[in-house]
Amino acid sequence: MLTRDTRPDLIGPDLSDFSKIDFTNGAIAAVSGGSDSTALLLLLKNHLDRTAPATRLLAVTIDHDLRPGSAAEARAVAILCAERGIAHRTLRWSGPKPSSGLPAAAREARYRLLAQAAQSEGIDLILTGHTADDQAETVLMRHARDEGRGPAEMAGRGVAGMAPATLYDWRTWIVRPLLGMRREALRDILQSQYVTWAEDPTNVDAHFERPRIRANLAGEGGERRFAELIAQAGQAGVEREELGQRAAMLIREFATMPANGLIRLDPAFATSGDAPAAIYAMRILLATIGGVSFPPDEARSEALFRRLRAGPLCATLSRTVVDARRAGIFLRREARGLPLAAPASGDVFWDGRRRITLGDRSGALLIAPLGQAAAAKRAVAEDGTPPSLARAALAAEPALWRGAECLGSAGESGVPTTVGVSPVVAPFARFLPSFDLAPAAAVAGLIGAPPLPALPFRGHSAG
Ligand SMILES: Nc1ncnc2c1ncn2[C@@H]1O[C@H](COP(=O)(O)OP(=O)(O)OP(=O)(O)O)[C@@H](O)[C@H]1O
């Protein structure tokens, strides 16, 4: 990689969103060696040198080990970083690679490794080089997937594109400061400094979806289409955020948790004036109770919501039993498909719903659902909640067992005090786009999940 001295005057201070970001705890720059992330690195370094030179900055390259040249590309980034006085690490994605769904698996591994690097450095901020071009491509891809659905169903979701920030694993922020910049402009900056970059051959491989979309946008009328897509992404992002805020208000107003694993919605929830927000809130709650990483699809959710308005019902969606009766609309995990008993070791992500920390290394304990027999013996609050529902929800909660003997759930006297069980907001546990901060915070408050960390932008506090 050829480089010449950075000429800061070529890197204007206002080109990106760096000045909004809070770098107090340092930053990881995710640098593949392609043009966008190489530009990210140099712009970021320049920004920090000028504004906060003591900031900890670590560039990380993931070697996916999928192409013969990938190790050399990672070395080129290491050389550039050494020249610029930037700490750098290469992390390799080792282990078996799936034969289908490779891009998604690579992405999953990439974020996992980046987050691990952040964790081990005590840094909670990762910056990526996503550009406006990536944004337009993402929106176009989502359009393609949503084809066939009516415009009403598309309203306020789906086409929102990438958020400016995404919380990963409920603790590490991924921020995209170049989302407003064009790839060509970044390449101009690099060329003006005689910095070269790697071209990823999969970017032009028509077997993959993104390169096909990219070629489509580069054709005739591409610029106009590009502008439309960016405008749509912006508008849809605003709408999605507003919908989330309204859903959060409904959750705060109408939802309670009368027993572990049981959510009660006041019957007035179904008749509140804001049906789109109520449906969005319901989808998030269903996925949370069911431990499913995606909300149930919109058509089924709407149908269920219509039935809720009509009167009592008992239905299952998203692994969640919805039991609407005079006492309220109750949501609990269905009994089917609960995890089988498994030896408890290390920290466990259980049933998509609970993070269990053991602090017990003996390996003698099992984790399994509490089950109906043990739940039947538990006292339940006499607050108008139907006891059968409270017990059915408790039966699906994780408990510790020694052989066939049930020690109980975390916090109960038979269970080691080192054991902790923390609820998880399942649909946002891995990726929480900043659009959805409000409903995520509302659900976290409702079920007792850990509070959200503050957005990594200046002047923001947790949602
Ligand atoms: N091998 C890598 N090592 C480090 N960072 C990477 C690597 N690949 C991608 N990135 C980071 O992710 C950004 C987006 O890259 P790219 O567009 O290839 O990924 P994507 O798969 O389209 O996006 P997403 O990561 O959202 O799925 C890059 O600008 C860079 O910051």
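Cβ atoms here come from the backbone N, Cα and C positions, even for glycine.
As the structure is a computational prediction, the values presented were derived from the model and not from experiment.
Some features that TrEMBL has for this protein:
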BINDING   Ser32, Gly33, Gly34, Ser35, Asp36, Ser37  ATP binding site
DOMAIN    28-215  domain 'tRNA(Ile)-lysidine/2-thiocytidine synthase N-terminal'
Compute the average pLDDT of the predicted model within the domain 'tRNA(Ile)-lysidine/2-thiocytidine synthase N-terminal' (28-215).
90
For the binding-site residues Gly33, Gly34, which one has its C-beta crowded by the most other C-beta atoms within 10 angstroms?
Gly33
Taking the mean position of the Cβ atoms of Ser32, Gly33, Gly34, Ser35, Asp36, Ser37 as the ATP site, which residues outside that list, in the same chain, have a Cβ no more than 8 Å away, listed in sequence order?
Val31, Thr38, Ala39, Leu40, Gly129, Trp197, Ala198, Asp200
Same chain, 6+ residues apart, C-beta under 8 Å of the C-beta of Asp36 (ATP binding site), given in sequence order:
Gly129, His130, Thr131, Asp134, Leu178, Arg183, Leu186
Name the secondary structure element type, per DSSP in three states, that contains Gly34 (ATP binding site).
coil
